[in-house]
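**Q** Have a look at this one.
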């Protein structure tokens, strides 16, 4: 789609929070998903639970270090997700971040609308992803920001109210980008690559890109008919999700089932994005996930996306390609070009990464 078509939304934007607060008893038709996409197939089988990884082992004894690398490799191959504990992100930074952004979403609607976004960058306050006219929408509002490198920041997009929001976001972002660099090293080592391989493939210390999406899922009159965020794999590198302590809602696809994440207190939910799937030549897999809503409680999460620098071509690591492991992705693509798909089409399962594969790939691990 030509960039000129990304300059405005195809239909007037109505914040979902406005619809939720109106007291409506039935879901507007533009939010009703086809039966095949509605919440179903949910499992809480204790044998199907997201792996938990203790990052403290990364700097512990060599034996513990190797065990952690094995755990990361297993989680990235078999789930594409893990919950990370003992990550050293300051609990006060997390508390301030949650508090400031909850306060923002509690502001009067006109104050939030002053930060309304456009599809050309997505920065700001919004309620849809994708620009196809007549698309079925998700039941959520969000705030999207560019964070790193500093030259992509537009501080005009950072709300001034609440007054501590900018400082809280800056401190939180600095801690999370440091954590992502640790995770990139661990993932590199667990793939048998040089420790700095993924870090450098993402652009190195001055080039790694990071963005953030604060997700607000208002109460929904008919949650069985819709989703807060449709099924998708993340187009970027790795995602760190700060989940809601009080309300479940994130689901991960496992074979034909959807597994509801049971958040571990103080953890981050980490998932592999499409760029890691490409760089690892399919050894580590991005996996579909989605967000549910409910009629009784609102839900609030913060997603931090660590991505390759936008203009860097991304292709499988040469060390992971050979006679018995041909390149699954023949043509390198930049992340700036790659993410245009989801910004145009909206969340669409794993359609995009599968479309660029040069070989038929199996579905998510069962």
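Using the three backbone atoms N, Cα and C, a Cβ is placed for every residue, glycine included.
Keep in mind that what you see is a predicted model, and the values were worked out from it rather than measured.
As annotated in TrEMBL:
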- 19-45: region 'Disordered' (REGION)
- 19-29: compositional bias 'Polar residues' (COMPBIAS)
- 208-308: domain 'Fe2OG dioxygenase' (DOMAIN)
- 346-366: region 'Disordered' (REGION)
- 349-360: compositional bias 'Polar residues' (COMPBIAS)
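Describe the structural surroundings of these features, if you would.
**A** Look at the region 'Disordered' (19-45): DSSP puts its residues at 9 helix, 2 strand, 16 coil.
Note on the compositional bias 'Polar residues' (19-29): residues 139, 218-222, 225-226, 298 of its chain, located 6 or more positions outside it, place their CB under 8 angstroms from a CB of the stretch.
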**Q** Taking the domain 'Fe2OG dioxygenase' (208-308) alone, what is its mean pLDDT?
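**A** A mean pLDDT of 96 is what the model gives the domain 'Fe2OG dioxygenase' (208-308).
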**Q** Going by DSSP, how much of the domain 'Fe2OG dioxygenase' (208-308) is helix, how much is strand and how much is coil, in residues?
**A** 9 helix, 44 strand, 48 coil
